[in-house]
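Accompanying notes for the structure given below.
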């Protein structure tokens, strides 16, 4: 099958490597002038992977979209809307399947990425999400993992799982698009919280963070119409190993550096998600104590250690 | 209030230190001839803690039980039944509150520890459980955590939470004794599984282990009459940081050493729990794939790596 991957960062180039490995004809797209694309073209490798000769490169969005049956998008979540405004002008887009391999919510609106997709591409365009745990470094070594693909259209889920399932990635059918999108986006928020606990010397509170964080997120998902068990699946809890406990996690690292006063050059994706969640908390009238604490720290500049300790020592008697 | 702690291992001596710290008159009991007791009497400290002069020591079970209003038990789970056979012969035991601070299920019968308690002590005796995450090393440094106390009698829960709640340990009321006991016991099983993944070089599968392990345990708890959300609370998921991700966890270490072929002198508590779970799985007719895999490895000597990989790559399409 012809597959195009839009976005040639670490994850995008992995997706090209993986989909090629499972037998597809793959084209990897980067923006004109993209340094990643330039360097991949020259060397056929980046810090993590070598890409085989059979993967084509292009900086023509039209070529990438036109030639593929399944189009995987892996760019920064906050850039999705403007990016799709360009994609939506291309021909035949309603004959394709788009898979969003990215985690986030739109800051300001709190919208899920498939909502942004439908608004920009039209309700008739087919879209799914590909989410869950996995490190590029491990996959390259042949260490398998489980991930999830979901869509509002079961045919999209079935077709893409069939196309991409392998001994290296075992895919599950996502049963709750709302829960999986919120779960995937908010694992970055929990990653920031975990990093703050690490930075403040409270790593042992990460257990309580997991138990209480999943509870509050479960409540917002239910309020939005999703299933309150989804947060405990691969897209969220299943990604905690890679996010809350990995020194490599950008979001965890961001939280740790923030607490330690180490300057950061780039905001972690979870920061925009905290803003989006803060908005959703008000819209759906659901209390999100951990999210509110992070909002108070990052957007209202409250003292981190005090907010974190207050959060875990607040007088609540029942867990559920 | 007069509080006695029965058992002077690492956790028992911590419980004496903690309950003394929050203002109670504490007596710490160890078996006659116990090396831990002897050394605490001589030095008033162990590897982890110093115990203040106000804590009394005794090797008389009668004195420890007779003098206290709340009696905390912290011994090895598999020894509970025979231990209680001695305690049950003492006078006035139905006027006391017993709190079990231990995690396990009875091997062979699969019984919860409060079931074992009621069978040996009589249905009229008051019992609760004190469970959840926390490292002695952290508490000593003043790093707080959240734990859970539960009982079939809400008055027992209220009284003990009121007695022991502090800025250092924030207690929640346990709402599901079955779920909390199964959850606390089985976190050791997940710890062994996590250690096996670590030892086999598959640490990144710990995310999938968390998502899928909690699901199967949730099913057995529901079958037993508990609440299927309890597994995601402090007593199980809340203890993952200390169990699945800590180099200090005995159960995780046992699993890692097992895979690496490093000889072990002592079985981890989770091993007996795997046997108990295997029994419960048959009695309640609930499939427990991760538990069965561990049973096959440890009790039927199947090849670890193959069982683990098969487990995560087995063809299941839906997560829930």
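Backbone N, Cα and C define each Cβ position, glycine as well.
Annotation source TrEMBL lists active site, proton acceptor at A:187. Residues annotated as NAD(+) binding site in TrEMBL: A:7, A:8, A:9, A:10, A:11, A:12, A:266. Feature annotation from TrEMBL assigns domain 'Glycerol-3-phosphate dehydrogenase NAD-dependent N-terminal' to A:3-154. For A:176-307, the entry in TrEMBL reads domain 'Glycerol-3-phosphate dehydrogenase NAD-dependent C-terminal'.
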*Report the DSSP secondary-structure composition of the domain 'Glycerol-3-phosphate dehydrogenase NAD-dependent C-terminal' (A:176-307) as helix, strand and coil residue counts.*
96 helix, 0 strand, 36 coil
*Here are the binding-site residues: A:7, A:9, A:12. Which has the lowest count of other Cβ atoms within 10 Å?*
A:9
*Taking the Cβ of the residue listed as 'active site, proton acceptor' as the centre, count every other Cβ atom within 10 Å, in any protein chain shown.*
32
*Looking only at A:7, A:8, A:9, A:10, A:11, A:12, A:266, the residues listed as binding NAD(+), what is the longest Cα to Cα distance in Å?*
19
*Spatial separation of the residue listed as 'active site, proton acceptor' from residue A:12 (NAD(+) binding site) - C-alpha basis, Å*: 20
_Entry from the binding-site residues list A:10, A:266 having the most other CB atoms no farther than 10 A_ = A:10
_Using a Cβ cut-off under 8 Å and a sequence separation of 6 or more, which residues in the same chain sit near residue A:8 (NAD(+) binding site)?_
A:16, A:28, A:29, A:30, A:34, A:36, A:37, A:40, A:57
*asked:* Can you work out the mean pLDDT of the predicted model over the domain 'Glycerol-3-phosphate dehydrogenase NAD-dependent C-terminal' (A:176-307)?
replied: 95
*Under 8 Å Cβ-Cβ from residue A:11 (NAD(+) binding site), six or more apart in the same chain: what's there?*
A:74, A:101, A:102, A:136
